[in-house]
Amino acid sequence: MNFSGKYQLQSQENFEPFMKAIGLPEDLIQKGKDIKGVSEIVHEGKKIKLTITYGPKVVRNEFTLGEECELETMTGEKVKAVVKLEGDNKMVTTFKGIKSVTELNGDTITNTMTLGDIVYKRVSKRI
């Protein structure tokens with residue numbers, strides 16, 4: 001399945017507790033909690049380009065599925081990780097104790113990030 005497309009955030013669960021747990025400052029948490037971010041994915045073969053726009057903040061990551069890469073996190077930190085494809089509709093990676101699963105079903109992308117007992121879930125629809 002090809003992940004290419006532009007997706008806008010529709011809903012999210014546990015945004016504030018998760019952002020606090022990863023060390024995002026309170027003022028940025030308050031500014032960011034109501035922003036309907038847009039993710040753009042270009043998926044060509046095993047190569048993925050991901051651009052996430054949250055208001056004025058833009059995070060860009062490029063990686064090859066199954067190979068170690070450097071990813072920029074929501075806090076601006078750079079981390080080494082391997083993004084793997086599970087089945088044909090899930091991308092999975094782990095970094096700094098966070099497991100991230102991005103699943104595509106039709107025109108809906110669900111990203112679930114788990115840190116300890118905090119599960120942050122974002123649901124975005126293709127636009």
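Using N, Cα and C of the backbone, Cβ positions are placed for all residues, glycine too.
Summarising the annotation, Swiss-Prot assigns N-acetylmethionine to Met1 and lists similarity to another entry as the type of evidence. Under the DSSP three-state reduction, Met1 (N-acetylmethionine) is assigned to coil, being neither helix nor strand. All protein chains included, Met1 (N-acetylmethionine) registers 12 other Cβ atoms within 10 Å of its own Cβ.
Sequence-distant neighbours of Ser11 (phosphoserine) (same chain, 6+ residues apart, CB-CB distance under 8 A): Arg122, Val123. Taken from Swiss-Prot, the feature phosphoserine covers Ser11 (among others), and the record attributes it to a large-scale study or a structure entry.
Annotation note: Lys31 (N6-succinyllysine) sits in a helical segment as assigned by DSSP. As annotated by Swiss-Prot, N6-succinyllysine applies to Lys31 (among others).
Annotation comment: Swiss-Prot describes Lys36 (among others) as N6-succinyllysine. Lys36 (N6-succinyllysine) is surrounded by 12 other CB atoms, counting those within 10 A of its CB over all protein chains shown.
Cβ environment of Lys46 (N6-succinyllysine): Thr64, Leu65, Gly66, Glu67 lie under 8 Å away, each six or more residues apart in the same chain. The N6-succinyllysine annotation in Swiss-Prot covers Lys46 (among others) and is backed by a large-scale study or a structure entry.
DSSP assigns Lys57 (N6-succinyllysine) to a strand segment in the three-state reduction. For Lys57 (N6-succinyllysine), applying a Cβ distance below 8 Å and a minimum sequence separation of six or more within one chain yields no residues. Among the features that Swiss-Prot reports, N6-succinyllysine is placed at Lys57 (among others), with the record citing a large-scale study or a structure entry.
The N6-succinyllysine feature in Swiss-Prot is assigned to Lys78 (among others); the stated evidence is a large-scale study or a structure entry. Sequence-distant contacts of Lys78 (N6-succinyllysine), defined as residues of its own chain at least six apart whose C-beta falls under 8 angstroms from its C-beta, comprise Glu70, Leu71, Glu72.
Positions annotated as N6-succinyllysine by Swiss-Prot, on the basis of a large-scale study or a structure entry: Lys84 (among others). In the three-state DSSP scheme, Lys84 (N6-succinyllysine) is classed as strand.
Per Swiss-Prot, N6-acetyllysine is recorded for Lys84. Taking the Cβ of Lys84 (N6-succinyllysine) as centre and 10 Å as the limit, one finds 13 other Cβ atoms among all the protein chains shown.
Residues or ranges marked as N6-succinyllysine in Swiss-Prot (evidence: a large-scale study or a structure entry): Lys90 (among others). Lys90 (N6-succinyllysine) falls within a strand segment according to DSSP.
Note on Ser100 (phosphoserine): other Cβ atoms within 10 Å of its Cβ, all shown chains, come to 19. Reduced to three states, the DSSP call for Ser100 (phosphoserine) is strand. For Ser100 (among others), the entry in Swiss-Prot reads phosphoserine, with the evidence type a large-scale study or a structure entry.
Per Swiss-Prot, the feature N6-succinyllysine maps to Lys121 (among others). Using a 10 Å Cβ-Cβ cutoff, Lys121 (N6-succinyllysine) registers 16 neighbours.
Calculated from their C-alpha atoms, the gap between Lys121 (N6-succinyllysine) and Lys36 (N6-succinyllysine) amounts to 14 Å. Of all Cβ atoms in the shown protein chains, 14 besides its own fall within 10 Å of the Cβ of Lys31 (N6-succinyllysine).
Checking each of the modified residues (Lys31, Lys36, Lys84, Lys90, Ser100) against Met1 (N-acetylmethionine), the C-alpha distance stays within 10 Å for Lys90.
For the pair Lys90 (N6-succinyllysine) and Lys31 (N6-succinyllysine), the Cα-Cα distance reads 30 Å.
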